Amino acid sequence: MERTLLLVKPDGVNRGLSGEILGRMEKLGLKLIGLRMLQMDAVLADKHYAPHRARPFFKDLVTYITSGPITAAVFEGENAVEKMRKAMGATDPAKSEKGTVRGDLGINIEQNTVHGSDSAENAKHEISLFFSESELVNYDRR
């Protein structure tokens, strides 16, 4: 089964949206196998967003993601990455369809409420930054 990482960013946590967002993913048939809340520090943010390091918005991104608590979750399921990306909507909430997380809940392109892995390969790396394998739970969903 494919796994993917979901982060509810500080704007989502601060507005009490973690539960709603996690529930939306479960309704897609994805199984929640790891969950934690944390305050991301600059070191972890730099590792997580390393592909964007050369981009002009990188510093602002790190400042934002470390500005408050986040919820980190791992979901598992068939085509988990694709399902979650579709449910999240476009990066810019103004361009996201209604019914998507960002279309319904995102504030702006900087405060777009969620992050999700963009490929199965990247998901493996991202998950390893936030969870050890022993923190991921295997169970039968009914």
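These residue numbers are counts, starting from 1, taken along the chain as shown.
Yeah, the Cβs are placed from backbone N, Cα and C, and that goes for glycine too.
Other Cβ atoms within 10 Å of the Cβ of R102 (ATP binding site), summed over all protein chains shown, number 22. Residues or ranges marked as ATP binding site in Swiss-Prot (evidence: sequence analysis): K9, F57, R85, T91, R102, N112.
As annotated by Swiss-Prot, active site, pros-phosphohistidine intermediate applies to H115, with the evidence given as sequence analysis. According to DSSP, H115 (active site, pros-phosphohistidine intermediate) is assigned to a strand segment.
The two recorded residues T91 (ATP binding site) and H115 (active site, pros-phosphohistidine intermediate) have their Cα atoms spaced 9 Å from each other. The Cβ neighbour count for R85 (ATP binding site), using a 10 Å radius and every protein chain shown, is 17. Most Cβ neighbours within 10 Å, among the recorded positions K9, H115: K9 holds that distinction in the structure as shown.
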